[in-house]
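A quick write-up on the structure given underneath.
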Amino acid sequence: MPITRMRMRPWLEMQINSNQIPGLIWINKEEMIFQIPWKHAAKHGWDINKDACLFRSWAIHTGRYKAGEKEPDPKTWKANFRCAMNSLPDIEEVKDQSRNKGSSAVRVYRMLPPLTKNQRKERKSKSSRDAKSKAKRKSCGDSSPDTFSDGLSSSTLPDDHSSYTVPGYMQDLEVEQALTPALSPCAVSSTLPDWHIPVEVVPDSTSDLYNFQVSPMPSTSEATTDEDEEGKLPEDIMKLLEQSEWQPTNVDGKGYLLNEPGVQPTSVYGDFSCKEEPEIDSPGGDIGLSLQRVFTDLKNMDATWLDSLLTPVRLPSIQAIPCAP
């Protein structure tokens, strides 16, 4: 039959209220805040009756230490007490008030309101899940690289590798081979057939493609321009001058040349007067006026210089004068 013992929270309250352990006191009893002396034995040295009396009392209460049967081990007592405090759901550490250094190091805790039954169940299930996850991590960490390599070397591969391929792919491959027609082997002959490419010879230039042609010159009757019309007038005048017969005459002691056949000089120049005729709106009006001006100039000129000009006169050098129609 198991021995029943007091839980840690009521046992701790009883130890604080007894004032038998030095340093274990209430800081704020209303808020259930208390402190525990937490001196480091390795740095400052321990006094079992003073610094480790709370941890020893808890070891005696849990049955892990009995006076006279085991050697005292204050470090183990302190570690067991710390684990028990951290596992309590209704006690938490106030870290901003704790002092972890020096000979007067203390830890401050707060007692929370008691948990209900449902809260205790949730807390228990959470702790069990944490324990399982820790165990899994520990088992994974224990496996060394040597054991992993040994497992790989001991594993044997099967001789039949057909199971590695996908069955569907093999079926598709068989269907494709069935649909593909069988190719007959190609026979290579040493004789090659004669073949040629028809080549059409094209001349280098386009002169052979078209016959040489000369454009006909335009006839004089078809290609008449204004310049040709102007050139005809002097030619006609020259012909008239060549056909006409120039006759010297003397009027009032002045010599003149007359080319009107059948007309006596006296009858012509006796009644000759320099009267301006009215302008005739005809194509030969300008020519008539020009001839009249020429005769007027000849009449007014001195006849003595004509004697020197009669012998060397050259008709082609005479200025062309348009005649009246």
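Here the Cβ of each residue, glycine as well, is placed from N, Cα and C on the backbone.
What Swiss-Prot lists as DNA-binding region is 5-113. Summarising the annotation, Swiss-Prot assigns N6-acetyllysine to K78 and lists experimental evidence as the type of evidence. Positions annotated as compositional bias 'Polar residues' by Swiss-Prot: 141-157. Residues or ranges marked as SUMO cross-link by Swiss-Prot: K275, K299.
The DSSP breakdown of the DNA-binding region (5-113), given as helix, strand and coil counts, is 39 helix, 19 strand, 51 coil. Averaged over the DNA-binding region (5-113), the predicted model has a pLDDT of 86.
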